[in-house]
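Listed in TrEMBL for this protein:
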- A:20-414: domain 'ABC-2 type transporter transmembrane' (DOMAIN)
- A:20-42: transmembrane segment (TRANSMEM)
- A:227-250: transmembrane segment (TRANSMEM)
- A:262-285: transmembrane segment (TRANSMEM)
- A:305-326: transmembrane segment (TRANSMEM)
- A:338-358: transmembrane segment (TRANSMEM)
- A:394-417: transmembrane segment (TRANSMEM)
Amino acid sequence: MLLTLIGKQIKMLLRNKQPLIILLIMPLVLITILSTALASVMNSGGEPAIQARLALIDESSWENEEESIKNFLEEQGLSGPSLDAVLTQLKSSDPIYILEDSILSADGVEEYISVEKKQSTGLDSIRKDKNTDGILTIPSSFRLDYIKTAYFNETQTPEIDLFLSQENEIRASIIQSVITEWQNGYTKSLALTKAGITLDQSLQNNSSVEKVEQVLEERERKIPASVYYTAGMLVMFALYIPSFLAGFALQEVQWKVYDRMILAGVSATWYAISIFITGSLVAFVQQLLLLLYGKFVLGIDWIGLDAMAVIVLTYSLFIGGLSALLTTLQFRTKSDGVANLFNGLVITIFSFLGGSFFNIGDVSTILAKIGNLTPNGATMTAILSIQKGRELEIIWPLMSVLFVAFSLCVLLSIVLFPKRGVTS
Amino acid sequence: MLQAINLHKRYKTKEVVRQVNMQLEAGESIGLLGPNGAGKSTTISMLSSLVMPTSGEVIWNSESINKNPESLRKTLGVVPQEIALYPELSAKENLAFFGRIYGLKGSLLSERVEETLQKIGLSDRKNDIVKTFSGGMKRRLNIGAALLHRPSILIMDEPTVGIDPQSRAYILDTVKQLVEEGMTLLYTSHYMEEVELLCDKIYIMDQGEIIAFGTKEQLKSLVSNNQTIELKGHLLTEEFGEVLKKQFPTASVRYEEDIFLVSMPKKEEPLATIFALAAENDVTITSAIIKIPSLEDVFLHLTGKALRD
């Protein structure tokens, strides 16, 4: 029954020129034109807002190592005040201290890297945690090894262990750039110390932030016009699906075909469900075709496919729910006024606020925030965020807008759909 | 047995159907005759459970369908006045769709579709898109869609509206055959000759009410004391009609294209007077026929107006 109804609705869509033109040809043409025309304007710039998560496992605290360092220094012939003076100097030039309290805590770096101190006992679970982008393990003898190398010409270089997650290349690169910069700093410090020059500040440079920004500059994807307008047209033209389906449904009532279905025992519920499924299915296929067009014709390299799948599926479900709601409202009012209003006004306003025509955030941040509360705007922002290389988590607040809108549509459809039948 | 008891339907302030009582026995063919706007379509919509009556009940097998319409619905084949088909689908696809929603599938569905296409004479056009069909072909397919599931009751609402005489004759033959095969039929029309041809019993409806009911003979007996004179000629104008009415106060006069129909009690012997009046008013009468009473005359007698007014 359900398949029969869905099959019929899809045949009606495919055999009418208008839906095919509006749902497929128009977005393809507009994507191509806008991508080409605005390529030079949009294909520059980009905003970094990525924060990598670093787990720091420090097994080499001063408290644990102080005794062995003292013993080592005493073995080297130091004692009394001279021993204390060396210890104080060592403490102040401690590379771990500099990493934790100066580099990673610096304002600029904190924006890009959040640090969480962990215990080595939970290393396996930390590695499995997809939210962790890097794990820096400092061995228990790091400070002693550092002192031996720096001041006593021993050849054993202090080692650290940096594990980088493969989940997000950009975030991993940010961590790597900062740690490498730190390593370069204390290596330089070692060299200078060996040469008899004390230059603790060489570790505490501000180049870490610059390095992160350099990484972002190099690695974060900018949103070119092709990506922007594929997303913009994709979310906008999917909104036309509900009015087509609701229009066909109203025709069925006017032609008395709906009466035939009611007489055949097709319940109002099954009918509404069939509209919902058809709407979702058509929206999914439409979005898929536009994304494939972007990939194979415009050469877009879509990234974050898992997140993209979540976004496209959620938006498709919302379109299905909206199709059911518009059908319900048309059945209630027995006119196509609702669909006409939706096509003529609502889609235009939503697309404007959602940023389908241009980035509304450039005009007003308040309008951009309102735009993100529209289902199409939320979907577009989610797609663009993922295409910038941001993590999956960033889409959940945006997807919640879709879930709310979807739930509202379904609920209203259930409550308002005429159960007994509709006569024209 | 399908029964309507005191059916009443009001849309806002307008009363569309008033106190309609009807009865449809198995194997019967019932006609519902009335002019456009008489309330026929609303009545059959209530009878087929598609419209809830404002008051009154429809009884099917001794149970009211107001609360449980499903028991009746699957036994009905309803042919609406509108072309209830998908114009973008082919004849075969349309029938297959309606068959499927009635639960037919596989080889049974294919058989029924082919059988129906044959019955309505569209086998050779089965793969053509419906929007390319003539009005008559669409009407035939409209009937076919109601027959696929082999209903026991067929309800037809003006199934021959707006089609050519050839298609109309085909449809009437098809319906007559169905009646002869034992199908229970409720047929609404404002074409009295169709109802006369197909139906055993006739309800006559006007302004939302049943104004007469009976067999053709019973209804015609209502006007057995009347005669209708059909006049053809030149300058048969409304003015001449007024002259006739003045001469025969009990007569009613109506015009059908170039034909003048005068109904009056049989006791009058009007021909000589009519010819004399024609001569006085410079009207030429080329033929004058005294007709046997028809349902049209019955309706005219009951309402004072023609069915197609």
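For all residues, glycine too, the Cβ spot is worked out from N, Cα and C.
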The recorded stretch from A:227-250, A:262-285, A:305-326, A:394-417 sharing the largest number of CB pairs under 8 A with the transmembrane segment (A:20-42) is A:227-250
Are there at least 3 C-beta pairs under 8 angstroms linking the transmembrane segment (A:227-250) and the transmembrane segment (A:394-417), leaving out pairs fewer than 6 apart in sequence? no
Check the transmembrane segment (A:227-250) against each of A:262-285, A:305-326, A:338-358 and return whichever range has the most CB pairs under 8 Å. A:338-358
